[in-house]
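Feature list (source: TrEMBL):
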type	residues	note
DOMAIN	1-103	domain 'Thioredoxin'
SITE	ASP25	site 'Deprotonates C-terminal active site Cys'
DISULFID	CYS31-CYS34	disulfide bond
ACT_SITE	CYS31	active site, nucleophile
SITE	GLY32	site 'Contributes to redox potential value'
SITE	PRO33	site 'Contributes to redox potential value'
ACT_SITE	CYS34	active site, nucleophile
Amino acid sequence: MPVISVDDSDHFYHLLNSHQKVVVDFTASWCGPCRQMSPIFSDLSGEHSDVLFLSVDIDNVRDVAQAYSVTSLPTFKFFYGRREYNTVIGANRWGLEYGIQSL
């Protein structure tokens, strides 16, 4: 399943509420480590068809980033049944893969 770029908070909450397993990449265009992780995140989305992968640019959807206390980038948040399940902060491929597998 391809990564979906979230444009606003309504879009985010609609997608979060309509899927059982969700991984969110909080990112920004100016963030070097985010650009490093973006192709990895995209590749993983193709390997896990049962998981919804979302990308949230914190400069465009600030209210969602604030609601989930995102203060470092990249931040990956994992949701199971609309509940936040886990968080991985930084360009940590192995943490990201483990978080997805543990959903």
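The backbone N, Cα and C atoms fix where each Cβ goes, glycine too.
Note: the Cα of ASP25 (site 'Deprotonates C-terminal active site Cys') and the Cα of PRO33 (site 'Contributes to redox potential value') are spaced 12 Å from each other. With the fewest other Cβ atoms inside 10 Å of its Cβ, the least crowded of the recorded sites GLY32, PRO33 in this structure is GLY32.
Per-class residue totals from DSSP over the domain 'Thioredoxin' (1-103), listed helix then strand then coil: 40 helix, 29 strand, 34 coil. Confidence in the domain 'Thioredoxin' (1-103), given as mean pLDDT, stands at 97. Taking Cβ-Cβ distances under 8 Å and a sequence separation of 6 or more, the neighbours of CYS31 (disulfide bond) in its chain are LEU73, PRO74.
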